[in-house]
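Report on the following structure.
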């Protein structure tokens, strides 16, 4: 039976439960344990796939094609375990499963209720996702006191009652606000948060106290006294300059030792080696170079919509000890002739998106980068914009467009995918009338790269696998015409039916590459990703006046 660490939050949301949990997971992993993570989200959507990026932020995609919460991105950036749809569960999915079972008659005519049917389904999902691991960390979304979270809290209370303290731990992250007028930290919100948690039958084993500054020992003792938590288990989580330094901070305070002692794992663990995290922090704090990258998107007012893109760019810089400064630009603002916002930029990245708003701005951005020889990296919609730009302005296909934006276009160079193979080899089909949710080409897909191309050079191998999330694709009817006009198709699906990567010849542009996949989902601070490393290096070379630079690894 896998020992479980349940991570809850109190007082306010967005305190960083996911980062704290992932940091602890990375320490336990460094000590030799096989670790996994899971997110329980209280919203009634089945998954975040159809939620607005302005409300929810990024939709993170796993290898098996699950559309999940962005916290799974945090998890995979901190731990080596690759997650799946089992690791992201919502209230919507729980109710969907229970109702499906009720319709099949699985409950034998019983009245279906929150307790025991909903809570049992939650526990079943937890068991399924965590089986076979040494330790599992499970984050409960939302804040204690929210009505939506109650079924999840009741389910984990039941787990603790049945398994005992040696197999289930409660970790509660709470706010200790600093009141500037009084010049002191206030512990009362934490006391009330724990009181709320205890009222539903959960006594925390560990408190993570988020604050602007380190919580002094006197306040930790006070919190311990009023919350019935050991002083040793009251952990200070102050604001830090580099988030990737959180594993080092939690290790310093001995959080991992609390877990090992409670779960009696001493005979399974070794000393923690966090040298990779120390190297990451050092590279962030002591860069040797810096570049300015423009990110031209549709949801830039809510930057969590591009969380993995921003992190992957920074990772690409870390591998070269280069600070990456991001300039966020709204695509709609670039739909005219004024491209002054892109002056003095070392590289341009156009990320994914849906719908016609801002698409023309992305096309204009591609045209600017192509003509001005600025390194360009297009992802998903950014690739489609680059193809439309090339079709219109180089191949002379007037009014070329994507059918997503103009179904009457005389040259639909981007069209709806009607049939494709999933990661497991199964054929999926869709049409214009299909549901939006869960009907895209999703998950890890292999692609073959063309020898002698930029893509092949950057990746360093012939076959690569990337995660996808898209409904529209390069229209094969225009392959030959655009290749004859000079566009290089450097990556194709293994069955040769889908275009995966396009680029410009190196003799016409220093670095212009666009891919249909989402490589940002496979980038980590310790390893980076070849495309982002190559793009940042190209930006550095542009800044250096075209001089070829040797990579300085972190």
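Any Cβ shown, glycine's included, is placed from N, Cα and C.
Here is what Swiss-Prot says about this protein:
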type     : residues                                             : note
REGION   : 1-265                                                : region 'Amidoligase domain'
BINDING  : 13, 186, 187, 188, 189, 190, 191, 222                : UTP binding site
BINDING  : 13, 146, 147, 148, 186, 187, 188, 189, 190, 191, 222 : CTP binding site
BINDING  : 14, 15, 16, 17, 18, 19, 71                           : ATP binding site
BINDING  : 71, 139                                              : Mg(2+) binding site
DOMAIN   : 292-545                                              : domain 'Glutamine amidotransferase type-1'
BINDING  : 353, 381, 382, 383, 384, 404, 471                    : L-glutamine binding site
ACT_SITE : 380                                                  : active site, nucleophile
ACT_SITE : 518                                                  : active site
ACT_SITE : 520                                                  : active site
Q.
Let me check the 10 A CB neighbour count of residue 17 (ATP binding site). How many other CB atoms are there?
A. 26
Q | Inter-residue C-alpha distance, residue 188 (UTP binding site) and residue 404 (L-glutamine binding site) (nearest angstrom) | A | 53
Q.
So among 15, 17, 190, 353, 384, all listed as binding-site residues, which is physically nearest to residue 520 (active site)? Use the C-alpha atoms.
A. 353
Q | recorded positions (71, 139, 520), the one with most neighbouring Cβ atoms at 10 Å | A | 520
Q) Among the binding-site residues listed here, 13, 14, 187, 190, 191, which has the most company in the form of other Cβ atoms within 10 Å of its Cβ? A) 190
Q | The one of 16, 189, 382 whose CB sees the fewest other CB atoms within 10 Å, among these binding-site residues | A | 189
Q. Want to know which recorded positions, from 13, 14, 16, 17, 187, 380, are within 10 Å of residue 353 (L-glutamine binding site) at Cα; which are they?
A. 380
Q.
Considering every residue in the domain 'Glutamine amidotransferase type-1' (292-545), what is the mean pLDDT value?
A. 91
Q: Please work out which residue of 188, 222, 471, 518 has the most C-beta neighbours within 10 angstroms of its C-beta, and give that one of the recorded positions.
A: 518
Q: Just report the maximum Cα pair distance in Å for the recorded ATP binders 14, 15, 16, 17, 18, 19, 71, no decimals.
A: 13
